[in-house]
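Engineer: Before we start, here is the structure in question, set down as structure tokens.
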């Protein structure tokens, strides 16, 4: 296991938080363009200062805790999602020699951290002592547990081809070709599961405003609500980075750009895809989402593993 220098570690973690905050502006601006309207354009050039204005507004809002809530759990819950998402970035290989930690079970570490994030939503729904919050947290738990299975199975094809759980070795194994082509079914399954894991539209059923008034964060306001918000965008960035690492060669690309630039550009493409889904697709019913997972995603990912193993055994 190799650990980066303290300056690199601090720089990476701070950069991820700044990027997550900036993505709020990107999403609002892009959705405005796609919906033929301006989006935020009042604070700073092109509205770039809107994020700072929103942060100031949230900071000065009343930090209210419902009197019927379980106060210690209510306070801790928002921090869990931010901490787990930030810790997930420590195994992401951004470029050769650029990363926090390089160890052999980086992919398993990512799955472990992503599964812990749902505790934030479950505890928030429980501690709020609100029926809508509790229903949202139960939806979040069932959705995350189900789609974690499919995400893990989708990644197994890549592990079989690379022969390693080390994310840096998986990237280096793609020097002769990205895994998105031989693992296209696995890529599609991983992408769908990532959207469901992030609880992003159209799979934002745990917080569906039209159904359960905001779900698990119904009772939250101020900085605590902001932590949930930033945690969501950290999850989008983390899952986009893992998608790029597993299926699109990570930092690998033509020499006219440095490796870190290739990694950032590829990750940005998937972040914009996450945003586009919100603007383009309607939300399915909850039973349809769960049925799709177990009746379509599970057979697809299992078939992908079987085919990958069969091809690997037949080709010397």
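The backbone N, Cα and C atoms fix where each Cβ goes, and this holds for glycine too.
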Engineer: In Swiss-Prot, which of 53-73, 74-94 is labelled transmembrane segment?
Structural biologist: 74-94
Engineer: May I ask you to indicate which of 212-232, 233-253 is given in Swiss-Prot as transmembrane segment?
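Structural biologist: Within the set 212-232, 233-253, Swiss-Prot attaches transmembrane segment to 233-253.
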Engineer: List, by number or range, the same-chain residues at least 6 past the transmembrane segment (177-197) whose CB is under 8 A from its CB atoms?
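Structural biologist: Result: 114, 143-144, 146-148, 150-151, 153-158, 161-162, 203, 235, 239-240, 242-243, 246-249, 252, 274, 277, 289, 293, 297, 300-301, 303-304, 308.
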Engineer: When you scan the chain for residues with a C-beta under 8 Å from the transmembrane segment (74-94), skipping those not six or more beyond its ends, what do you find?
Structural biologist: 9, 12-13, 16-17, 65-66, 100-103, 106-107, 109-110, 113-114, 116-117, 119-121, 123-124, 127-128, 167-168, 171, 219-220, 224-225, 227-228, 230-232, 234-235, 238, 241-242, 245, 250-251, 260, 263
Engineer: Cβ under 8 Å, sequence separation of at least 6 from the ends of the transmembrane segment (98-118): give me the contacting residues as numbers and ranges.
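Structural biologist: Residues packing against the transmembrane segment (98-118) from afar: 1-4, 8-9, 12-13, 80-81, 84-85, 87-92, 140-141, 144-145, 148, 151-152, 155, 159, 164-168, 170, 197, 231, 235, 238-239, 242, 246, 260.
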Engineer: Which range out of 145-165, 233-253, 296-316 gives the transmembrane segment (6-26) the most CB pairs under 8 Å?
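Structural biologist: Selected stretch: 233-253, with the most Cβ pairs under 8 Å.
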